[in-house]
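Report on the structure given below.
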Amino acid sequence: MNLCLIDPFKQSDVPETVEYYLVDPKNIKSNCASFNRRGTLLAVGCASPIGKILVWDFDTKKIVRTLYHHTGCVNSISWSRNGKKLLTASNDGSLVLWDLATSKILYSLELESPILFAEFHPRNNDLCLIVLQKGTDPILLNFKSSEKTPLNIKSLVTSYIKREENSTGVIPTSVNSNYNGVATFASFNRRGEKIFFGDSCGMISVLDFKSMTIDRQFKVASSNTTVKQIEFSRNHRFMLVSSSDKVLRLISLESTNLYQQMREYQDSVNRMHWKKCCFSSNNEYVVGGMNHKSIHSIFIWSVSGSLVKDLEGPKEGLVDVVWHPLRPIIVSISFTGVIYVWTAYFEENWSSFAPDFQELEENLDYVEDEDEFDAKDSDNENQEVNNNNNNNIGRNPYKKIKTQQELNDKNSEEEEFVDVDHNDRITEFSSDEEEDLFCFSAIDDRYVSNVKFDDPRHPLYEKYQKDKEDSSSTTSNSTISSSSSPSPSSSSTTTTTTTSQKKDETQKKEKSTKKERNSDSKKRK
């Protein structure tokens, strides 16, 4: 796609349609997905019986890595901050740390309970947080020392209350002294400064990572509600909580130690549970994937609370949904394991590329008149102009009527005289017309002055001989024609010859007369 042709005023930052989909070559179902920090790679965990991991190049849509180790369904995938390591967790209780450059296993751990969620520490790739099946405490794992630290919320709350009571003499009100909840979910915030725990009592517990103490607890739902997922926005301002009461809650993190609920999002029509939730890359939208076996529905709300888009996919359930880190793209996984890529619809504006290009809102079929393209003479055209000017009712609005001036110009063009006998001299030529030029070689003056035309060395010798032959043939032809049929010119020549003969005879007679006279005079004497 050419970005120069996209109208900047109509660009949408919300996905609207499925552009393409990704399928495992061996038709193994996908179960979870995660982008790296830049969104160039997409890691996909597959379901049973082969819990392999596929790493897709999101630009070329090709598989660049295939990792095998798990025997159960892969439930969670987490990228390191530098994008060189991958952390995967499975239903079989295995946790694996991968080196993507070599496809080798850097660390592996086998637990007795299925692992539901695992993620890297946002600032330290040597630490990770593990969430196990309900009833088991979350674990903080150090890869270097292999130290596993269980995080029991009840014991942490009790120790915090005792410490505060001993130091101040007052029981702190920021925590519940009668807390009996069980952790169901845990996650680092964006900076890794705190760990947020969700439990089975609809409460969120905040653990300070440095002091490893619970310093805050707040309720988000009723006591019999389970917190299923916690997500954080990229700008560190909001937290999104998904619970079992079919409601997504937006909580503000701007105030220190004051977590205020801002919005609630739910499907008021179907009243379905939410399978997954996330934030958009620009922190302006909240996404919720519906948990239904035959409906692939994704709701997009603005942070202000209004519903922006309801994306309807194929008639199959949704397993996971993630938003691209930088672009308006959503990746969703269906029950059949197909990965759908949702993108925004960009409307290309060709008028910005070609200013003289006119855009049409709709296509119009033009129907011409029966005699529109018939050949007509000037009289008929003049009559047509008069008729059209007098009555324009019922005419085709797309047909252009010729004016009298246009008809006169057309007639003048037809009557224009074109001289084909004489060609104007071309004063200049381009390089493409050099083949049309004719060049003559100059004649040396010495040949003209010293050499005669009948000399073969003369450059015009051949032309001279040819002209001579032509003249001789012309003379012979004229002689033959004069002898065969006399003409007025021949008669005049004969008359001139006769007159000259008479004159000569007269002169001879005069001479003879003079001689006789002289002889007579001599005799007399």
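Placement of Cβ uses the backbone N, Cα and C atoms for every residue, glycine included.
From a predicted model like this one, the values you see are computed outputs, not experimental measurements.
According to Swiss-Prot, the feature compositional bias 'Low complexity' maps to 383-392 (among others).
Annotated compositional bias 'Basic and acidic residues' per Swiss-Prot: 462-471 (among others), in sequence order.
Swiss-Prot lists 472-500 (among others) with the feature compositional bias 'Low complexity'.
As annotated by Swiss-Prot, compositional bias 'Basic and acidic residues' applies to 501-525 (among others).
Residues annotated as region 'Disordered' in Swiss-Prot: 371-398 (among others).
The region 'Disordered' feature in Swiss-Prot is assigned to 462-525 (among others).
For the repeat 'WD 1' (25-66), the list of distant contacts is 72-79, 81, 83, 86, 88, 90-92, 98, 100, 103, 319-320, 322, 324-327, 329, 331, 333, 335-339: same-chain residues at least six beyond its ends, Cβ to Cβ under 8 Å. Positions annotated as repeat 'WD 1' by Swiss-Prot, on the basis of sequence analysis: 25-66.
Secondary structure of the repeat 'WD 2' (69-108) per DSSP (helix as H, G, I; strand as E, B; remaining residues coil): 0 helix, 25 strand, 15 coil. Among the features that Swiss-Prot reports, repeat 'WD 2' is placed at 69-108.
Across the repeat 'WD 3' (222-261), DSSP helix (H, G, I), strand (E, B) and coil residues number 0 helix, 19 strand, 21 coil. Marked as repeat 'WD 3' by Swiss-Prot on the basis of sequence analysis: 222-261.
Feature annotation from Swiss-Prot assigns repeat 'WD 4' to 267-312. Secondary structure of the repeat 'WD 4' (267-312) per DSSP (helix as H, G, I; strand as E, B; remaining residues coil): 0 helix, 24 strand, 22 coil.
According to DSSP, the repeat 'WD 5' (313-352) comprises 3 helix, 18 strand, 19 coil. Positions annotated as repeat 'WD 5' by Swiss-Prot, on the basis of sequence analysis: 313-352.
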Composition by DSSP (helix, strand, coil) of residues within the repeat 'WD 1' (25-66): 0 helix, 24 strand, 18 coil
